[in-house]
Structures are given as C-alpha cells and as structure tokens.
Amino acid sequence: MPPKTPRKVAPKPILQSAAEKDAPVANGSPVNSPKEVSPIPIKKRALSEVVETTEKQDEPVGKKTKNSSTTPTKDSPISPRFPSPADQPASKHDQETWQGFCEIESNPEYFSVMLREMGVQGVTVRDLYSLDSATINTLPQPIYGLVLLFRAREVASEKQEEECPANVWFSNQLPGHNSCATLAMLNTLLNHDGIVDIGENLRQFKEFTSTMTPYQRGETLASFDFVKNIHNSFAKKLDIYEDDKHLAYKVARSEQRKKLGIKSKRCGSEESIDSNASFEDSAHHFIAFVPIDGEVWKLDGMDGQPTCMGDYDAEDTDDWLTVASEHINLIMAAGDNDYNVIAIAQAPLARLRSEMSETVATFKYAKKRIATLNTDWASFLPAPEPGIDPAEPITPTMLESIGVFEDMLAKATVSPDVTKMIDCEEFPNLLERCSKLCGEQMRLRELIFTEMGNEEEENQKASERRLDMGPVIKKWLEMLAENGWLEANMERFMPDDPKKKVAAKKGGNILDAHEDNTHDTRTIGRFQASCLA
C-alpha cells in the first residue's frame, strides 16, 4: 500500500471535483477559481461510496447502466477527451493525464528551463565537450554534478552499496519511464540542498521521501505530478503513442521470455552487450556523478543502490572532478562513441548578482569615507557613460531591473581587510578606488544583461521545442499525396538495397526486389527531412 502523503507535498493526485480538476495549475497544485467552484456543499462519503463512484468512472464510455443518463444536463461538466483527436497536437490535458514520461533529448537549454520551473534557483546546465581541466574551468563554477548520457549498460554494478547511506539521496527509475534525465538532475541537486536553493516543492518532496528506500522514492516520484507535468510539457502526440506502443512491446516480449524460461537481463549488460542486436536495442540513459561528503557517487536510477566511486579532497574543489572524469573516461573507452556529458553548475547570474551587491556595498562605504575628505569628490571623476552620475552609476531602479533587490544589498558586506584599507587611504587613492568601483558596476551590469538574455533564449528554445508540429506535417503529407507529388517522388527517398542493384543488372523486376522497403521507417524519416528542408 503506497505511503500516506502529507498535505504539504501531495505528490499523489487527490480526489477533486470536476471544477477543481479543470482549474489552472500553479506550482503543481490546483488553484480554485471562484467561478468554477461548485455551490453544492461537499459531503463526506464512506469508503464504500468512494470505491463505487471510482468503479463507475472507470467503466467504458459506451457502457450503460440502469441509472445512467444519455442526455447531459446544462450544468453537467464535460471532461476533456484523452487522448485528444489524432489530428490535433498534444493538449495540456494529454500531457498531464498520460502516466508515462516522454523522452527528452540531451539539450542543456531545456534542462535549465525545467529546473527553473521546478523552483530551483541559481543553477544552470551546460554541455561539457571535454573532460580535461582546461575545458572544465571554462564552465561556471562551482559544478554540482556531471551527468553522462550513454548507451545503457551495467557499470560497476558489483560495487553497489547494500543499502542507500543516510547522507545520500538516491531514487530508482521505474521500468517503462523515460525519466532518467530528470531523475539524474534530481539525484544531483537533492544532495546539495542547503548549498543550492532547490525550491519549496522539491524541498518538501525530499523531506517526505527521506526515510524511504530508493525504489519507494522512485514510485513516489512517478506519481509526483509537479515534476511529471514539467517533464511531460515536452511530450508531443507522437511521443505518447510511440512510448505506449514500445512499452506494450516490452511487456509482450517479457511475457514471452517468461514462458520460454529465459531470465531477463538489464538491456546492454556486460553479458548481452556483445550482440549487435542487443546493442542497437539499448536505449540512451542518463546517470549522475555527484560529490557528497568527500566521496564521489555514481547515481544510476537503473541500479538498485548508489555506488561509491572513490574519495576526494574536500578542500580541493577540483579534486572530485578529477575522480569523476577518470571513471567517465573508462566508461566511454569500454563502449562506443555515442556519448554526451553535461554539467550542473551554479548559474552565472547568481554569482554576478552577488558580486554586484558586494561592489555596491563597497562603493557606498568608499563614498562615505571620501566625502569626509572632500564633499565635491564626484566632480573629479569622469562620467562612465553620457548621462551617468559617477556618484551613483547604478540607480536602485536599475538594480531592480537586473534582479538585484534590497534584501540582497542588505546582506552584502564589505570585508574587514577592505574597510581597513579604505579607512587608511588618502584622497587620491580613494578617488582612484571609487573610479574603479564605478567602472566595475558598469561592467557587471553588462554581464548581467547578457546572462539575462541567455536565459531568455533558453526559454524561447524550450517554448519552440514544446510545439507539437506532428499534425501539421501529417496534413502537409496528405496534401502532397493528393496532388500526386508523393507518389512521383517517393522513389528518391528509398534506402539503398543490394537486391535492387542485383535485379537491375539481371534485368529483373526492380519493384519485386524492393517491395519490402516501402514501409521502412527510415524512408519516411528521410522524406520528411527533405520536405522540411
């Protein structure tokens, strides 16, 4: 029986009225609209009544009972259809009702947007093209974890812990769910709570699952609508159909293997990776490498337990990256060349805004000191830009526009060493210091504007990725078929077939030798790509 969910987290759906169910969603919880709330008072029902009502709702639409009515009343709520018609894009109701997790390609822009929507503050995801120290140092620092995308296979499975340590938060990935990208990010960031602001929803989720086993955490995550709805906001209609079809195939194959007495193995394990067929069937999979209390942990949702990969010097922030990089290189060297590595790091905006707050605080302290020496000190400084007052290059309004608010300025402090130097400096040195601080504020302002623009581009890319163009392409192909272009040009997009060449040389019937290729999915893919080009 699933664990009882506290009201503050509510990862499992609760019973709702029809009006509440259709209400807009904010932060993973339904928001009641005054116009949509039913005026009928809610009456507590016995468990038997709830079960009876649920059974009636689960009956097929076409099935009628003695008490069923075929004529809806004026006030009867109309539930959205799931799935929506095939010729329409995936609706929000489709994405939120579907019980699976869609595949999401390894794109750091999408992952950064997802984390911000989950409430995580000050974190970005970046591609890592090489694991050498020079390349790693070009990324924003600090780095909270590395995520490897590779052809799924068992890696160091014999080194797994017997049970998950108390200081490691680790969750399994449920079979049939393509949630490994989201899970890898959660397995990383929930182990940095306190260092990273993971947001109220994830913080409550971590607290609620703190005493659970990894598998129980995976079950809870699978029903945590707040995270699942953000993940599946990238799902398209074809994604839903294909994933359900593939899952049905895997279930049927599993049942067939059981009947034949064949023991199931994890796809792509060391025992099965030698077969080309099994290798091609191996799906891409995300796993995380995370530093936790002086140890580097491999957190693979398909493993039963986490795996410690070695110790590192906690005082050396780069040492854990060296340990993780060595193990990632070993994994890549033992397989193919189909890999990708991303880094989960502190967002530049968080660091830049912190630097701006400290610079403003230092500038204020320096202004106060230099004013005691010469009240007209600002007249000795050139304007950093036309129309900019050197005594206040960044106004409070400008600071708010770049995300630096009063609470951040109030927390900013000037180091004792700097205050000591300012207190001892004479007017010329103070004037030079104020000039540099003025220029530093202008530099930070431009960098913050640039990073804000980058975040806006990430949001735009994620918005474009969420558009479901499948119905448009389908309609386009139907129009091409109607006007004859499809039939006249299909041969151009057929894959090469040795049988076709042999038949041509012998003067045989080319169509007979090529008949099986008309349904090749790669042919359709190449044709669609050509049309889009």
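Every residue, even glycine, has its Cβ placed from backbone N, Cα and C.
The compositional bias 'Basic residues' annotation in TrEMBL covers 1-10.
Taken from TrEMBL, the feature compositional bias 'Basic and acidic residues' applies to 53-62.
Annotation comment: TrEMBL describes 67-76 as compositional bias 'Low complexity'.
Across all of the domain 'UCH catalytic' (100-346), the predicted model scores a mean pLDDT of 87. What TrEMBL lists as domain 'UCH catalytic' is 100-346.
Cβ neighbours within 10 Å of Q173 (site 'Transition state stabilizer'), excluding its own Cβ and spanning all shown chains: 26. Annotation comment: TrEMBL describes Q173 as site 'Transition state stabilizer'.
Positions annotated as active site, nucleophile by TrEMBL: C180. Here C180 (active site, nucleophile) comes close to Q173, H285, F286, I287, G301, M302: these same-chain residues lie at least six apart in sequence, with C-beta atoms under 8 angstroms from its C-beta.
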